[in-house]
Amino acid sequence: MPSPAREESNGETGQAKDGAAEKGDDAGGRLVCALEMEMTNRSPHGDSKVDYVNNCDGLVGRNCGDSAEVSVPLSLHGKRTTHMEGDDLYRLRDRKLLLEDRKRLCALALGTALLGILLMIIHAEMCPFVYKPGSNAALVINSSISLSTGCLLILIIAFHYKDIRLFVIDNHNQVDWRIAMTSHRVLVITLELLVCAIHPVGSYWEEGPRGNSSSSAQLCVSSHHGEALLGMELLCSVLMFLRLYLVHRAILLHSKMLLSASYRSIGSLNNINFTFRFVLKVLMNQHPARTLLVFILFFWLTASWMLTLCERQTQTSTGHMETALWLIAITFLTVGYGDVAPNTSCGKAVCLFTGVMGVACTAMLVAIVTEKLALNKGEKHVHYFMLDIQISKRIRHAAANVLRECWLLHRTNLTKGNRGEHRRHQRCLLEAIRVFRNLRLKQRKLRDYVSEMVDLPKMQMIMCDLSANWNNSYRELEQRILSMEQKLDELSRCFQQSSELLSQVLRHRNPEIR
């Protein structure tokens, strides 16, 4: 048995050890705080310094009082590794700003591309008639086309820069921008820059002496440069329409589906990618006639002007706008009367592409008309319900005819009339049976078709009601079981009390019973 003196000495020894441990912890805390301050001073970021100073103040306060311990985990470079909610807020704000900048850059790029195409059309239409090739007016307009092309290239580069920044922010700013430069992205950027850089530059050459040329080429190029420059000018003018690929990007970025947060949330839950294909499907579903009409008119006018540009090298009627409009229309509708035909390779290529687009648009037009003429769900239900009623009436009449012919045939057999009347009633009976069978078959097919038109929302509501009824029945059954258990407990308690009372009565009457 230990003595009290020994217990007191052990207690003093334990207190001394605790005090030494606390002093060691305080010293270790001061050392860690000093190291943190040193690493903060060496760190290029100033925000972490304030955090470390606050942590060290907290540590000093803990040494002076009995407050809670504060620890800050550090990385190798002295940065905080805890995830802050403010970082997510800043990241969402930066992402929203980048999305707005990208949408604005796309709109500016599309406007610049359309401006360049418009200047090219004005230059091609006015140059041979209003001013001469190599003149100051031609140089100014062609310089404006080149300037718009340069601005367009800068806007394309800025757009992809914002796209790469958006990729980095989506990955919590923990990846390098060079990771986003995949081979596919580099190929897309290169192709876009090449397409947007194409523009006619024929007017930069000086005008030379005009020779006697049988060609009535109405391009703004001096004749002494030859057919090579004419072909290059024509090809660059036609290829400038490739800049219209920016239309689908503008439609995508300015669509209500992409701008709506609820649309994006529901789409992300259902693994839907908001691409131009999805937006086009939605437009064709909501406004099919309007979308197709706008596309057909725009394509008709663009292809007609391209055809006139290609056919200006020849002295034919296809170089005029009204003839080109007629030729593009009959080619688009796949009629082809043969009264007008293209003469150049460029014109033949334009007509070939027009025929392909005409077939595709005709298919879409047939699909739209079919969808508009189709009955909706309610109309189908009403229509088939009325058909079922009419067929049921006809079946009753056919059954009555069968019974009548049977009775007439039976009466003919009883009266033993002539053979002609007997055969006539047999023939009428067989015809009535055939009509009755055909009507029954038609009714069966109609009901089979109606049964295939399953109303999924209605079935879902029915199943939900059934499950709710089952749940209610299950709860009622549980309550009844609980009430039965309570009653059984009361019965067992009553039996136990009655047995105790009986034993007490018996003991009172017969004291000898123990």
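Heads up, the Cβ atoms here are built off N, Cα and C, so glycines get one too.
Taken verbatim from TrEMBL:
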REGION    1-26  region 'Disordered'
TRANSMEM  105-131  transmembrane segment
TRANSMEM  137-159  transmembrane segment
TRANSMEM  186-205  transmembrane segment
TRANSMEM  225-246  transmembrane segment
TRANSMEM  292-311  transmembrane segment
TRANSMEM  323-341  transmembrane segment
TRANSMEM  347-370  transmembrane segment
DOMAIN    388-462  domain 'Calmodulin-binding'
COILED    467-494  coiled coil
Positions whose Cβ lies under 8 angstroms from the transmembrane segment (137-159), at least six residues beyond its ends: 102, 105-106, 108-109, 112-113, 115-116, 119-120, 122-123, 127, 130-131, 189, 192-193, 196-197, 199-204, 220, 243
Three-state composition of the domain 'Calmodulin-binding' (388-462), taking helix and strand from DSSP: 69 helix, 0 strand, 6 coil
Long-range environment of the transmembrane segment (347-370) - Cβ separation under 8 angstroms, sequence gap at least 6: 284, 288-289, 292, 295-296, 299, 303, 306-307, 310-311, 318, 327-328, 331-334
